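TrEMBL has this to say about the protein:
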TRANSMEM  A:6-32  transmembrane segment
TRANSMEM  A:44-63  transmembrane segment
TRANSMEM  A:69-90  transmembrane segment
TRANSMEM  A:97-115  transmembrane segment
TRANSMEM  A:142-164  transmembrane segment
TRANSMEM  A:195-217  transmembrane segment
TRANSMEM  A:223-239  transmembrane segment
TRANSMEM  A:246-266  transmembrane segment
TRANSMEM  A:272-291  transmembrane segment
Amino acid sequence: MADGSIGFWTVPLAVLGGAIRVSTPFLFVSLGECITERSGRINLGLEGTLVMGAMSAYGISYLSGSPWLGVLAAGITGAMLGALHAGICSLPRVNDIAVGIALMLFGTGLAFYLGKPLIEPTAPRLPAIDFGWWSDIPQVRAALRVNVLFLIGVALAPILYWAFRTTRWGLLIRTAGESSDAARAMGHSVLLIRLRATMVGGFLAGVGGSFLSLFYPGSWNEGLSSGQGITAVALVIFARWDPLLCLWASLAFGGAAALGPALQSVGVTSGYHLFNAAPYILTLAIMIITCSPKRTLTGAPAELSITR
Amino acid sequence: MDFGRISRRHLLQGGAALTLGAAVGARPAFAAETTIGFIYVGSRDDYGYNQAHAQGAAALKKIPGLKVVEEEKVPETDAVEKTIESMTNLDGATLLFPTSFGYYNPHMIKMANKYPKLRFEHCGGLWSDKDPKNAGSYFGYIDEAQYISGIVAGYTSKSGKLGFVAAKPIPQVLRNINAFTLGARLANPKATTQVIFTGDWSMPVKEAEATNSLIDQGVDVLTCHVDGPKTMVENAARRGAFVCGYHTNQSPLAPKAYLTGAEWNWEALYPKFVKMIASGESIPNFYRGGLKEEIVKTSPFGEAVSAEARKHADDVKAKFLSAEGYAIFKGGLLDNKGKTVIAAGTDRGQKDPELEKMDYLVEGVIGATS
């Protein structure tokens, strides 16, 4: 301890820190996608939304000097991309998955194009709350420097869980997702419900992107997302469209992403490619354990184009 | 278009006109058809590897009569062959700079065989006699600058633990890690370098995680070999650690934490290449150089660098610049598994091609190549 090292304890601490630091974008994107998919539509474009959110948050934070304005801008950008997706999907015989892929490419391409001048400047970052004040070990303090967005995400998961079950809005979204005929019979516009659900989903994904560029890793560059948006969309499937499970899945993914570098730092150096692949191995393992050839996925909204 | 005959004549005229034209004022000196193509694997302004090349390309743009075409984010697949085809056939490029390591074999070799009249200059490849004569590879001994960084890091580190965030265990990366470590051990014989491989050239989240893990282990000076050092530099500085930069000067990102850095100097080399062509000289197919040849440079020292460190670093730098040169990898060298990798009595000078096949980590490095 004399040299400031905490030895092998780095690994669990890094996994904990990673769960907090890395999971937030996963959490926001998967909660957003959860809302969208519960309404009966898949928005695969959230990878593009995430990257656009990261870029616009960084740009607005840099220009205005206020990172919170950046977060808001990211959310609005995301909601607009969501509205675009929902708008195109409202047209007859449009496949939502194909539109999603197109919007994913559109979003990332547009973000790279508009973000060119933003790579060099340094924008003001979001503040962190120090939850490690009780500890005098610097590593613990560093791991427990938590961003407000993470806390909002953590709070959002049970709120959504509750809202889906007990509120009128939750019921409407679920109705649109389970049986559009029933929703129509009740006198509601399915397209309008899905438009709103996709916009809210996009808003959350955009906010998730702002976390990437404004907090951790904390700057804008083109490799920033490296597929986290698409991973988060997949997370929703294995979280069975349940917001609470989305939270746990995101935390597990964040922790797993930290495992590879942490093990190397304590000298477990062989097979680092394998440890770097930990999040994906985790996905495969959970998929294999929970899948069954005898039944369809439990919890899948009936109106989704993949289950219909 | 015959680069060998017609264009060279134009270039010769151009070269002559350039010296005159510089005084008289800008007049198109090179033939209008002299187009140079640059191909980058990543984004041109990544604060790193590709930006360093783009700065070199920008230096060429300033020379009257030269047209520079650029394409970024070209993957190391047959996509680069398509880019070369379009630069050649549509833009009329006669000199091409595919700047990424993985472009060389088989893609660029194939294109050089297909277009024997064009000139290809590849950054980082190992040109051998078997390769086409119109292809060349150039590279800088940036490990010299890393060695200087290592010395400064060795003096600055209080814990004696240094960190290295690396992309992939290829020879160039290993050589940098080893040179950095050997430099640090000049300053502090007990210094160790902990290396973390992220697995790819641009993985910002992994790089940030690697930086945090290293600092959690007590590392207090970090450097890296990834395409964009910005993530490492900013995250390390936020945690209060010192950094040595790579590729370009990152001191504006962390003025207090930045010690020094290993930088490319392509803006000096590329105009030199063009001048060689213009004067009818051929560029050596295998072109290498370090600090002395002005292919690499070191960043100015940051304020945290002690006088002792500055003096030692400057002394070693002077040896690199001297006529007899300086060997980083000297005999009696052990790898980190205790095996002798360079026998006692043999010095591997910087130009030794054996060093470009490096597959080991020297004693003092904590990490493994696989």
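Just so you know, glycine gets a Cβ as well, placed from its N, Cα and C.
Two recorded stretches are said to be in contact when at least 3 C-beta pairs lie under 8 angstroms, sequence spacing 6 or more; the transmembrane segment (A:142-164) and the transmembrane segment (A:44-63) fall short of this definition. Contact between the transmembrane segment (A:246-266) and the transmembrane segment (A:97-115) is not supported, since fewer than 3 Cβ pairs fall under 8 Å when only residues 6 or more apart in sequence are counted. Packing against the transmembrane segment (A:44-63) from elsewhere in the chain are residues 25, 29, 32-33, 69-75, 77-78, 81-82, 85, 96-97, 99-108, 110-112, 114-115, 118, 121-125, 201-202, 205-210, 212-214, 219-220, 224-225, 227-230, 232-233: each is 6 or more residues past its ends and has a CB under 8 Å from a CB in it. Contacts between the transmembrane segment (A:223-239) and the transmembrane segment (A:69-90): absent, as fewer than 3 C-beta pairs lie under 8 angstroms at sequence separation of six or more. Simply put, out of A:6-32, A:97-115, A:195-217, A:272-291, A:195-217 has the most Cβ pairs sitting under 8 Å from the transmembrane segment (A:69-90).
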